[in-house]
Amino acid sequence: MASKVTFIGAGNMAGAIIGGMIESGVSPDDIMATSPSDDILAPLRERLSIHTATDNAAAVAESDVVVLAVKPQIMREVCEKMRDAVQARRPLIVSVAAGLPAETLEHWLGGDLPLVRCMPNTPALVGAGAAGLYANANVDDAQRRLATELMEAVGLVEWVDDEALLDAVTAVSGSAPAYFFLMFEAMEETGVKLGLPADTARRLAMQTALGAAKMALSSDKLPGELKRNVMSPGGTTERAVEHLEEAGLRRIMAEAMTACADRASEMADELGKR
Ligand SMILES: NC(=O)C1=CN([C@@H]2O[C@H](COP(=O)(O)OP(=O)(O)OC[C@H]3O[C@@H](n4cnc5c(N)ncnc54)[C@H](O)[C@@H]3O)[C@@H](O)[C@H]2O)C=CC1
Ligand SMILES: O=C(O)[C@@H]1CCC=N1
């Protein structure tokens, strides 16, 4: 991608996408990141050789794509301060913020802009991200391809036609790395109780998750069948899976993911007022 991409905000999510982009071969010369604090930018400059700036408006003036990657709570102030620069340049805007509606973001930036809302996740850092994307009516085909190219550099891309579905994407992939990290913690704790050294239990649990995901992605069988293939009748897995089902794992996942999606829509109500 020869387009100049500027990340407004250089935290966990921007850092993950930038790291993944560079890993996939995008030139650091085409990437800029901004933050009010040079303490955050200096390591990115030194480690990844990207451009950095503390002035958002100046950074926008040279960009083809502007990725909004600050916390939702400060987004309004950040957008309004760079509004004139955005209107002068009219780049493709890509927001990765949870909750905030495209129309509100566009309005804060002065209106009539091509804007893609994206819900990514941090495994983008290792090229294994999973992102949902939604385009507003001003986004043309070339800009849609550009957003796809940007996010495909760091993982899987799924477009949704209904913006409200991004809340579901947040529950299924945006927030979901944390569910698996929690599972790793729980599996390690139990592995230790069962006598394994902590690092052995951790490595085995993580490698097993990687193997299960890789196997399910490359198989033409559905996960239920792959699960049954591990469950020998009267064997060990059957005992564990029966326990998970009886203890309500499906209900717990449904409640947690619904709470996640509800929070995204609540954030839109709290922060997305125009
Ligand atoms: N962390 C995650 O797993 C995911 C985060 N997101 C979204 O990404 C966005 C950023 O989240 P994180 O990276 O986790 O937060 P973070 O707190 O790690 O990063 C935010 C960055 O914004 C910078 N910043 C603060 N004020 C600024 C300003 N005026 N101008 C430019 N930069 C400024 C901060 O220095 C910081 O580097 C949020 O909107 C969040 O909803 C979306 C999907 C996943
Ligand atoms: O927890 C959050 O609000 C952000 C959005 C999705 C993942 N992290």
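Note that Cβ sites are derived from N, Cα and C of the backbone, with glycine treated the same way.
When TrEMBL records Ile8, Gly9, Ala10, Gly11, Asn12, Met13, Ala69, Val70, Lys71, Pro72 as binding NADP(+), the matching candidate from Ser35, Ser37, Ser95, Ser173 it lists for that site is Ser35. In this structure, Ile8 (NADP(+) binding site) is part of a beta strand by DSSP. Taking a C-beta cut-off of under 8 Å and a sequence gap of six or more, Ala10 (NADP(+) binding site) has these contacts in its own chain: Ile18, Ala33, Thr34, Ser35, Ile40, Leu41, Leu44, Thr52, Ala69. Set side by side, the binding-site residues Asn12, Asn56 differ in how many other CB atoms lie within 10 angstroms of their CB, and the most is found at Asn56. Residue environment of Pro72 (NADP(+) binding site) contains 18 other Cβ atoms, counted within 10 Å of its Cβ in all protein chains.
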